[in-house]
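Record features (TrEMBL):
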type: TRANSMEM; residues: 15-36; note: transmembrane segment
type: TRANSMEM; residues: 43-61; note: transmembrane segment
type: TRANSMEM; residues: 73-92; note: transmembrane segment
type: TRANSMEM; residues: 159-178; note: transmembrane segment
type: TRANSMEM; residues: 227-247; note: transmembrane segment
type: TRANSMEM; residues: 253-270; note: transmembrane segment
type: TRANSMEM; residues: 309-331; note: transmembrane segment
type: TRANSMEM; residues: 367-386; note: transmembrane segment
type: TRANSMEM; residues: 406-424; note: transmembrane segment
type: TRANSMEM; residues: 430-455; note: transmembrane segment
type: TRANSMEM; residues: 523-542; note: transmembrane segment
Amino acid sequence: MDGYQQVFDPVAGSLAWSALFAALPLATLFVLLGALRWKAWKASIAALAVSLAVAIFAYSMPVGQALLAASEGAAFGLFPIIWIVLNALWIYKLTEITGYDQVLRRAFGSLSDDQRIQAIIIAFCFGALLEALAGFGTPVAVSSVMLMAVGLRPMKAAAVSLVANTAPVAFGAIAVPITTLGKITGLDAGALGAMVGRQTPVLALFVPLVLVLMVDGRRGVRQTWPVALVGGAAFAGAQYLTANFISYEITDIVAAFAGAFAIVGMLRIWRPREVLTAQGPMPVVAGAAVADARFEAEHKRRRTGEGSATMAFAPYLIVVALFAIATFGPVKAWLAEHSGWQFAWPGLNVVNAAGETVSSVTFNFNLFSAGGTTLLVAGVLTALLYRIGPGRTLRAYADTVHQFRWTIVTVAAVLALAYVMNLSGQTVTLGLFLAETGALFAFLSPIVGWLGVAVTGSDTSSNSLFGMLQYAAAEKTGISAYLLGAANTTGGVLGKMISPQNLAIAAAVVGMEGREGELFRKVVGWGVAMLIAICLLVYLQSTPVLGWMVVG
């Protein structure tokens with residue numbers, strides 16, 4: 001079968017015209033999702049068809065190579081991404097069929113009955129811990145169902161989880177995006193981590209306030225801003241200190257605990273005037289920690305049954321423990337050596353402009369070290385702990401697959417789209433077009449990372465794709481390579497919330513399949529606002545105004 005050599009200006013030798021064609025698949029996807037309100041699986045398949053047409057007719061990619069690229073992307077969508085999310089959702093179903101999901105709701109109520117504060121603790125702090133250990137959609141899946149368990153409406157739970165999963169993403173999966181960026185560019189990963197640690201804390205400081213605003217509007221901000229600000233400041237400070245002075249790999253772990261402990265400590269000395277519960281606002285006397293009679297009676301009831309609360313938290317503690325073990329140096333090295341099967345995708349032959357084989361034609365099937373497998377083991381241990389019989393356990397898994405069926409199609413189609421765009425050269429065309437702006441590229445640099453994550457759903461993939469582009473742009477413009485590399489990572493985290501695969505995951509786990517377009521509209525405004533803020537920050541860091549923040 002004929003191979004394919006990537007070309008980035010195939011349309012009349014013009015980068016601008018080529019970028020116009022390269023943008024068509026993404027434009028199709030977002031218009032169908034956001035404006036025409038198509039179901040995600042239909043929109044994704046349509047966008048995949050457009051990307052194949054652009055690859056074949058505009059980029060002259062052989063039909064066979066284009067289809068093989070799509071097949072590899074679909075396979076990557078199934079493993080490891082769907083593999084992770086299916087098992088994460090299955091664990092929650094085990095808590096659901098035993099009633100421990102309701103116990104979990106009461107347990108979080110013992111920390112705070114206020115849904116606004118619970119949103120910060122669960123989606124932001126606990127979600128960051130899951131992002132640190134697992135990544136690949138796990139925090140969104142788990143946080144969404146936990147927020148539903150404490151009483152948030154499904155759509156709101158999904159939206160809050162997506163927006164919360166921003167600041168931690170750069171350091172997710174033990175900072176794999178940054179490590180990957182270092183390998184791709186040849187830059188020092190520690191210095192890149194430090195630079196990212198001087199950008200993402202700005203997001204971390206304000207994300208809890210945004211979550212409160214999403215849950216309860218302006219009233220929520222007025223009543224709970226001290227807790228939100230304390231939690232955000234603790235998280236942001238821990239991110240900066242850990243990334244710059246300790247170890248960038250454990251940044252999210254330290255920040256997650258710092259944020260959670262700061263919030264719990266704050267609640268010991270201060271509470272909001274009203275408490276927002278699933279039943280609505282409830283007054284608190286004098287704005288302190290002493291509640292009225294109805295609230296106090298409910299609170300006492302929820303403080304009982306500590307053993308049951310431990311059992312309710314057990315699955316998530318098992319998840320954290322297993323991921324901590326799997327990422328421990330010797331264990332991680334052993335798993336990497338004995339559990340991975342790496343092979344060239346059969347028949348796929350794509351080389352870059354220099355004639356070198358592109359790395360993405362190699363498929364990694366690391367079954368035993370995959371996050372989904374760790375979650376599967378956690379699920380089995382949960383079933384044993386809860387004494388759920390094999391038949392009931394398997395039925396719960398089958399129900400999960402059935403519930404998730406259209407999401408499986410969506411994620412496979414989106415990753416197929418991403419691989420076609422990446423391997424044909426469409427995505428790089430878009431990035432190169434933006435890089436033509438010269439010194440202004442510092443402002444646009446985060447948008448390149450955002451674009452990569454919006455397409456692939458992964459900050460690691462975005463860094464793999466655009467890392468050298470950012471490095472080349474730095475060489476061309478004289479802007480710090482560490483600044484632009486970090487900007488690609490930081491901008492990328494904001495693409496997570498609008499990535500079709502993450503929208504599909506969030507919608508599926510809350511039982512809102514087919515309403516991904518509505519979810520997109522709820523989060524896209526927040527994502528764009530944060531992206532503009534990061535673009536301004538990076539631009540100022542490229543000038544004398546904030547140049548002192550750049551790693552030397």
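Backbone N, Cα and C atoms are what each Cβ position is placed from, and that goes for glycine too.
For the transmembrane segment (430-455), same-chain residues at least 6 beyond its ends with a Cβ under 8 Å from one of its own Cβ atoms are 8, 15-16, 18-19, 22-23, 26, 417-418, 421-422, 461-463, 465-466, 469-470, 472-473, 476-477, 479, 483-484, 487-496, 498-499, 531, 534-536, 538-539, 541-542. Among the listed stretches 73-92, 159-178, 253-270, 309-331, 523-542, the one sharing the most Cβ pairs under 8 Å with the transmembrane segment (406-424) is 73-92. Same-chain residues lying 6 or more positions outside the transmembrane segment (159-178) and placing a CB less than 8 Å from one of its CB atoms are 119, 123-124, 127-128, 131-136, 139-140, 143-144, 147, 152, 189, 192-193, 196, 200-201, 203-204, 207, 210-211, 214-215, 235-236, 239, 243, 248-252, 255-256, 327, 371, 458-460, 462-463, 489-490, 492-494, 496-497, 502-503, 506, 519, 522-523, 526-527, 530.
Residues of the same chain lying 6 or more positions beyond the ends of the transmembrane segment (309-331) and with a Cβ under 8 Å from any Cβ of it are 91-92, 94-95, 100-101, 103-104, 106-107, 110, 126, 129-130, 133-134, 142, 174, 369, 371, 374-375, 377-379, 381-382, 385-386.
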